[in-house]
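What TrEMBL records for this protein:
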- 1-57: domain 'Fibronectin type-III' (DOMAIN)
- 64-168: domain 'Fibronectin type-III' (DOMAIN)
- 167-262: domain 'Ig-like' (DOMAIN)
- 270-363: domain 'Fibronectin type-III' (DOMAIN)
- 369-468: domain 'Fibronectin type-III' (DOMAIN)
- 471-565: domain 'Fibronectin type-III' (DOMAIN)
- 569-656: domain 'Ig-like' (DOMAIN)
- 662-760: domain 'Fibronectin type-III' (DOMAIN)
- 766-812: domain 'Fibronectin type-III' (DOMAIN)
Amino acid sequence: RNIDGKAWTKVNPNCGSTSFVVPDLITGQEYFFRVRAENRFGVGPPAETIQRTTARDPIHPPDPPIKLRIGLVTKNTVSLTWKPPKNDGGAPVTHYNVECLRWDRTGEVKESWKQCNRRDVEETKFTVEDLVEGGEYEFRVKAVNIAGPSRPSATVGPLVVKDQTCPPSIELKEFMEVEEGTDVKIVAKIKGVPFPTLTWLKAPTKKPDDKSPVVYDQHVNKIVDENTCTLLIQQSRRNDTGLYTITAVNDLGTASKEMRLNVLGRPGPPVGPIKFESILADKMTISWLPPLDDGGSKITNYVIEKREANRKTWVPVTNEPKECIFTVPKLMEGHEYVFRIMAQNKYGIGEPLDSEPETARNLFTVPGPPDKPTVSSITRDSMTVNWEEPEHDGGSPITGYWLERKETTGKRWTRVNRDPIKPMTLGVSYKVTGLIEGSEYQFRVSAINAAGVGPPSMPSDPALARDPIAPPGPPIPKVTDWTKSSVDLEWTPPVKDGGSRVTGYIVEFKEEGKEEWERVEIRGTKFVVAGLKEGCFYKFRVRAVNAAGIGEPGEVTDIIEMKDRIVAPDINLDASVRDRIVVHAGGVIRIIAYVSGKPPPTVTWSRDEQALPEEAKIEETAISSSLVIRNCKRSHQGLYTLLAKNDGGERKKTIIVDVLDVPGPVGMPLLTENLTNDSCKLSWFTPEDDGGSPITNYIIEKRESDHRAWTPVTYTVTRQNATIQGLIQGKAYFFRIAAENIIGMGPFTETTKEILIRDPITVPDRPEDLEVKAVTKNSVTLTWNPPKYNGGADITMYVLESRLIGKDKFHK
C-alpha cells in the first residue's frame with residue numbers, strides 16, 4: 001500500500017520462492033509492503049516492512065559537461081560555454097563549478113586547479129574575470145547534482161589571455177513566417193571585436209532592391225545585447241512582410257545578412273458584385289469571385305450571412321462553402337433579402353462583400369408526403385429504411401429526400417442525412433448508422449423539389465437496434481519470452497466477439513502431467529506468469545469473456561521448458577527504411593534499426609566493409625541503433641552494414657544508400673568541327689559523375705568574345721554534340737556547356753579559346769584513277785581525274801612525285 005492509503009493491494013496470485021519483483025509502481029511514490037505464508041491449512045499472519053520505501057532509480061553524480069568552448073577573450077577575462085552532461089545521474093543538475101589552471105612561461109604548472117566562480121553557476125556559460133594579462137591558462141567545468149560533483153569536462157587551453165580583434169560576422173535565419181498580431185523577434189547573432197555598429201534595412205518582398213532604413217517606434221524596436229541584435233516587431237501586421245537586411249561594421253570590415261519575413265493574416269473581401277444564379281421561393285443560388293489578397297494563406301471556406309432588406313440584423317447562413325457558389329436555403333417567399341460574404345483562412349475571417357437586395361419567389365408548390373416507410377436489415381447500430389415516391393410532385397421533379405428519426409421514448413425528430421438523398425427509379429432506401437444498441441426507433445421521410453420541402457410521411461413501425469450475442473471465439477496466444485521461473489504471454493483478441501464487447505480474459509496454465517489448470521483473470525492482452533518451477537514443462541491457454549459468458553480457449557501450441565533463454569540477434573529496419581535508400585545531396589541519411597536478442601547484442605556499423613565517414617553519427621537506445629549523416633554528399637553513398645553479435649550468434653543487415661546530386665562538369669576537351677560562315681559543331685564527353693541520375697539534357701550557352709553576357713542556345717540537346725546555328729560571320733564566340741538531370745543543372749565547362757565563324761578552307765582530297773598511259777626509255781605519260789572534294793577552293797595545280805624501286809624517298 002502507498003503511505004497515503006489504508007487499503008492493502010494484493011500484488012501476486014502465487015509466489016513459490018522467498019523473493020518477488022513488485023511491478024507497476026509509480027515513480028516517486030512511497031510504499032509499505034507485507035508478506036504472508038500459505039500452506040494447505042490457510043494463510044498465516046503478515047510480516048510488514050518497518051520503513052517506507054520510495055520507488056525511484058538510484059542517484060549518482062552526473063557525467064561531465066560536454067563541448068566546452070572558449071568565446072570572447074580580453075586582456076583579463078575569458079568567456080566559456082558548454083553543453084549539459086548526457087546523463088544527469090538520476091537527479092537534475094543544480095549548478096556548475098568552473099575551474100582554471102595557470103601555467104608559467106617555462107611551461108610548468110604555476111598553481112593548482114582553483115574554482116573561478118564565487119557563486120553557483122546555473123546557466124551553461126560563464127565569464128572568468130580577474131585573470132593576469134599575458135598569463136597562460138587552462139579551464140574545465142564540473143556538473144553538480146544532489147549526489148555531488150561530476151568528473152571534470154575535457155580541458156580547453158592552454159590559452160594566452162590578451163585582447164582579441166576580429167572582423168564582424170552575422171548568423172541569421174533566412175525565412176520566418178508568423179501570424180498577424182504575433183510579436184516577432186528577428187534575432188541576429190553578432191560576432192566582432194570591437195563590437196560592430198548595427199543597421200537594419202527593409203525592402204518589399206517583390207522589390208528587394210528598394211531598401212530603406214527601419215524606423216523605430218512603439219511598433220518596431222531594436223535591442224542589442226552582448227552577442228545578439230534583435231529587431232522586435234510588436235503585434236505584427238500584414239504590411240510588416242518584407243526583406244530585412246542587417247549590416248554590421250567595425251574597423252576590420254563589414255558583413256550583411258538578409259531574412260524574409262512573411263506575416264500571415266485574414267484575407268481581404270471577395271471580389272464582387274454578388275450574382276444571383278437562380279431565385280426560388282425558399283432559396284437563392286449566389287456566386288462571387290475570390291479575394292485579391294488571401295492573407296498569405298489558402299482560403300479554407302466562405303462565411304455567408306443574410307438579412308431582410310428592412311432590418312439591420314445579420315443572420316448566419318453557413319461557413320461551409322469552399323467554392324464561390326452556394327444555394328441559400330430557408331428563405332421566406334415574398335421577402336426581400338441582402339446577403340454578405342466573407343472569405344476565411346486559418347487566421348480568421350476577412351472583410352465582407354454585400355449584395356444588392358433581391359426578393360424570394362417561384363411558381364411551384366412543395367411535393368406531397370411519401371408513403372409510410374419500412375425498416376429492414378436491423379443490427380445493433382444500423383437499420384435500412386425503404387420508401388416510395390409521393391403521388392404528387394408539386395409540379396416540379398423530386399430532387400431529393402430528407403430522412404428523420406426519433407426514439408420511441410422521445411418527441412424530437414432528428415435529421416439523419418447531411419445532404420438530400422437522391423431518388424432512384426424503383427423507390428429509395430438509405431442505411432442509417434450510429435444508432436444506440438437497445439434503443440427503439442421510428443423514421444419518417446419528406447420529399448424535396450424546386451419549391452422546397454414537402455410534408456413528412458407517416459412514421460414507420462418501431463424497430464429495436466440489437467444483435468444476437470454469444471460467447472466470444474478463442475484468442476490467439478503466443479509466448480513472447482521466458483526465464484527459468486516465468487513466461488511472458490501475449491495474445492490477439494478473438495476474431496468473433498459473439499456480438500458483445502470482450503470484457504476480460506482468463507489465463508490458464510498447468511504443469512505437464514497434471515490434470516488441474518490454474519487460472520488468472522485479467523483485462524489486458526499481455527500477462528507474465530511468474531513463480532513457475534525451474535526445469536519443469538508447462539502448457540498455457542487463454543479464454544475471452546463477454547456478457548454472454550466464457551468463450552473457447554486458445555492454446556499455445558508449444559510446451560515451454562523453464563530455463564533461461566538465449567536468443568540470437570535479430571535486426572528489423574524501421575518502416576521508414578528499406579533495403580535501398582535514395583536521398584538528395586544536402587539531405588539527411590537516417591537508418592533506424594531495431595536490434596533484439598538475449599543477452600543484448602553488441603552493434604557495429606561499417607560502409608563498404610570499411611570505417612564510417614567522419615560525418616556519420618551513431619545514436620543508441622535500449623532497443624535501437626540509428627546511423628545519421630546530416631547534410632550528406634555524393635561521397636556518402638555506398639553499402640552500409642549493421643552487424644549484431646551475442647552468445648547466440650550474429651546477424652547482419654545491409655542497406656544500399658544512393659545520394660543524388662546535380663551532374664559534374666562535362667568532360668574535356670570541347671572540340672569544334674564543321675565550321676561554316678553561320679554555324680559550328682561542338683563535341684564533348686559525358687560527366688564523370690552523373691549525380692546518381694541519368695543525364696536528361698545538356699544546356700549550351702554562347703557569348704561574343706567582346707561581350708560578358710551569356711545567351712542560352714534555345715534547343716534541347718541529349719547527345720554529346722550539337723551544331724550551333726544562327727551565328728554571325730566574322731564574329732568570335734565562346735561557348736559553355738552544363739549537364740542536367742532530374743535533380744538540377746551541374747557546373748558549366750567553357751571553351752578555352754575563342755572560335756571565329758567563317759567558311760573553312762582545307763586541303764583537297766587525293767586525285768582519282770591515276771593510270772600509266774605510255775612508257776618510253778626515258779619518259780612516262782600519266783593521267784588522272786580531279787579529287788571528289790576540292791577542300792572549299794578551286795584546284796590551282798598538281799604535284800607529281802616519283803621514286804626508284806628499292807628507294808624510300810619520293811622526289812618532285
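The backbone N, Cα and C atoms fix where each Cβ goes, and this holds for glycine too.
Note that the structure is predicted; figures quoted are calculated from it, not measured.
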| DSSP helix, strand and coil counts for the domain 'Fibronectin type-III' (471-565)? | 0 helix, 49 strand, 46 coil
| note | Per DSSP, the domain 'Fibronectin type-III' (662-760) contains 0 helix, 42 strand, 57 coil
| remark: Among 471-565, 569-656, 766-812, the stretch with the most Cβ pairs under 8 Å to the domain 'Fibronectin type-III' (662-760) is 569-656
| field | Across the domain 'Fibronectin type-III' (64-168), average pLDDT on the 0 to 100 scale | value | 87
| For the domain 'Fibronectin type-III' (766-812), what are the DSSP-based totals of helix, strand and coil residues? | 0 helix, 16 strand, 31 coil
| query | What is the three-state DSSP composition of the domain 'Ig-like' (167-262), stated as helix, strand and coil residue counts? | reply | 3 helix, 59 strand, 34 coil
